[in-house]
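Q: Okay, here's the structure, questions in a sec.
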Amino acid sequence: MTSDRRGKALTAALMIAPFVITYLTVFAYPVYKMFALSFTDAPLIGEGRWVGFDNYLKLINQKLFFTSAWNTGYFVVLTVVPNTLIGLGLALMVVRLRGWLQSLVLVLFFLPYILPVSVVTQIWEWVLDQQFGIAQYVIELFTGKRISVFRDPIWAMPMVALVTVWWTNGFNLLLFIAGLRNIPADYYEAATLDGATRWQCFQRITWPLIWPVTALVLTLQLILQLKIFDQVYLMTEGGPFNSTYVLLQLVYREAFRLNHGGLGSAVAVFLFLIIVTVSVLQYQLLRVRGR
């Protein structure tokens, strides 16, 4: 009996060993190294001397740090909730379709998600081009003039957010459709027989049962958008006048351009703690709300 238990324990250990090794190598060690480097003046590659909290004090006294933190928060506000609500709204419409039409619409909405970010940004630079972009007709209709949106401090971040929502919403759409398909049709049939309207069906059946998926989408979106970098770097490089400069761009600047590995790690630690804290708090609040 004892040998049988030992054999099962050994088998279990061998099965989880690859995951544990991968986790320690890919995640745990880099995180430890990031925290350790943040307390040194090390360059990007090489050792440095211990400086304590000097890097964090430098960040507090750096205007660009607060600017990038503010811009990151602004971007999160522009994308997380709107992206989630748009995905849910589209899913409610698409799930009513049947057969090949539903498949076609799903493909059209999901197609942008599989495109590389470089292709996405190039497409939208053409669409929003001040001279030849088709979107300029809409902008001109509401503002009375054509605007170079990626060179305007007011327009730049909302446009980056718009591109991000268009690019990533297909993933949210699939999650919501999967959740909606798991709701038994009998619930809606019974509610309809009782005289419930579509809004009442959504309020009393769809929304409570789709809430776990909504909480998941909100949490994933929050984590992803706090790590915004690619779209900003390719479309605006943080400009104009640092109006789209975000935290990961500051990490890139300090670590890779200025070779300040320690200071770059300090910014990364700040972003890491923000992501972990906000994600845990949000998930707990959403879980309590869903009970």
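Keep in mind that glycine also has a Cβ here, set from the backbone N, Cα and C atoms.
Here the structure is a predicted model, which means the values were calculated and not measured.
For reference, TrEMBL lists these features for the protein:
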type	residues	note
DOMAIN	69-282	domain 'ABC transmembrane type-1'
TRANSMEM	12-32	transmembrane segment
TRANSMEM	74-97	transmembrane segment
TRANSMEM	104-124	transmembrane segment
TRANSMEM	154-178	transmembrane segment
TRANSMEM	205-224	transmembrane segment
TRANSMEM	263-286	transmembrane segment
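Give me the structural setting of these features: burial, nearby parts and distances.
A: A Cβ distance under 8 Å defines the sequence-distant neighbours of the transmembrane segment (12-32), meaning residues of its chain 6+ beyond its ends; these are 272.
Within the chain carrying the transmembrane segment (74-97), a Cβ under 8 angstroms from the stretch's Cβ atoms is held by residues 105-106, 109, 157-158, 160-161, 164-165, 168-169, 172-173, 175-177, 179-181, 202, 206, 210, 214, 217-218, 221-222, 225-226, 228, 244, 246, all 6 or more beyond its ends.
Residues 76, 79-81, 83-84, 87-88, 92, 168, 172, 175-176, 178-180, 182-183, 187-188, 191, 275, 278-279, 282-283, 286-287, 289-290 of the same chain lie 6+ residues outside the transmembrane segment (205-224) yet bring a C-beta within less than 8 angstroms of a C-beta in it.
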